[in-house]
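A.B. asks: Have a look at this one.
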Amino acid sequence: MSKPKYNRVVLKLSGEALAGEQGFGINPAVIKSVAEQVKEIAELDVEVAVVVGGGNIWRGKIGSEMGMDRAGADYMGMLATVMNSLALQDSLENIGIQTRVQTSIEMRQVAEPYIRRKAVRHLEKKRVVIFAAGTGNPYFSTDTTAALRAAEIEADVILMAKNNVDGVYNADPSIDPTATKYETLTYLDVLKEGLGVMDSTASSLCMDNDIPLIVFSVMEKGNIKRAVLGENIGTVVRGK
């Protein structure tokens, strides 16, 4: 059996990835596929933390554009990530993977509050930990949550699993047929060229803490395991 390249990872799942082709809500087939892929790497003794977005249910930015108070709209988005996290927890536990959800906003009836040392202990016991409710603060994306939690738990890498693209391109491949995929990038490249990998706050946090990022498609089964084993998939972003 191949040895994993990374021992502790943060898997970043967009909310849209959980919606699948239906584009909204939670697609049971997709969430089951993601859970099975997480199980594959957990069985390699990789410590797995997950950050899930909420865009399949609600986006704070859209609410703000509709005239809502931005902070209130963002809090709604955080609650959407909790719904996704509980669905993923259920799917993982149905296939025998012990999972804990930790939320940045306290809701003890459904999940643990986020406590860094407790999260690390869960990981050391080979439990999957899902970080929900973003950072607990409005104006911060779940990409920034992934970068922040990766720094806090000293993860080796962030695995950014996308549903509509298999890496980072110099243009939108769904619009421009000449778009070229990057094999490797630096965070400075991402920031300078405005590439839509993650927002600038998240990119800067990863750069400052020297956390590598792999962007790949989650829709192809086995890709999460391939990324953990260090196979050449997607786009790798690192350093300055």
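Each Cβ is built from the backbone N, Cα and C atoms, and glycine gets one as well.
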A.B. asks: Please pick, from ASP74, ASP166, ASP172, the residue that Swiss-Prot records in the UMP site together with GLY54, THR135, GLY136, ASN137, PRO138, TYR139, PHE140, SER141, THR142.
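C.D. replies: That UMP site, as Swiss-Prot gives it, pairs GLY54, THR135, GLY136, ASN137, PRO138, TYR139, PHE140, SER141, THR142 with ASP74.
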A.B. asks: Among the residue ranges 2-7, 20-25, 98-103, I'd like the one that Swiss-Prot describes as region 'Involved in allosteric activation by GTP'.
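C.D. replies: From Swiss-Prot, the annotated region 'Involved in allosteric activation by GTP' range turns out to be 20-25.
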A.B. asks: May I ask which residues of the same chain, at least 6 positions away in sequence, place their Cβ under 8 angstroms from the Cβ of ASP172 (ATP binding site)?
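C.D. replies: Non-local contacts for ASP172 (ATP binding site): ALA179.
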A.B. asks: Based on Cα coordinates, which of the following binding-site residues are within 10 Å of SER14 (ATP binding site): GLY54, THR135, ASN137, TYR139, SER141?
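C.D. replies: Cα within 10 Å of SER14 (ATP binding site): GLY54.
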A.B. asks: Can you break down the region 'Involved in allosteric activation by GTP' (20-25) into helix, strand and coil residue counts using DSSP?
C.D. replies: 3 helix, 0 strand, 3 coil
A.B. asks: Around the UMP site (GLY54, ASP74, THR135, GLY136, ASN137, PRO138, TYR139, PHE140, SER141, THR142), what further same-chain residues have their C-beta within 8 angstroms of the site's C-beta centre?
C.D. replies: GLY60, GLY77, MET78, GLY134, THR144, THR145
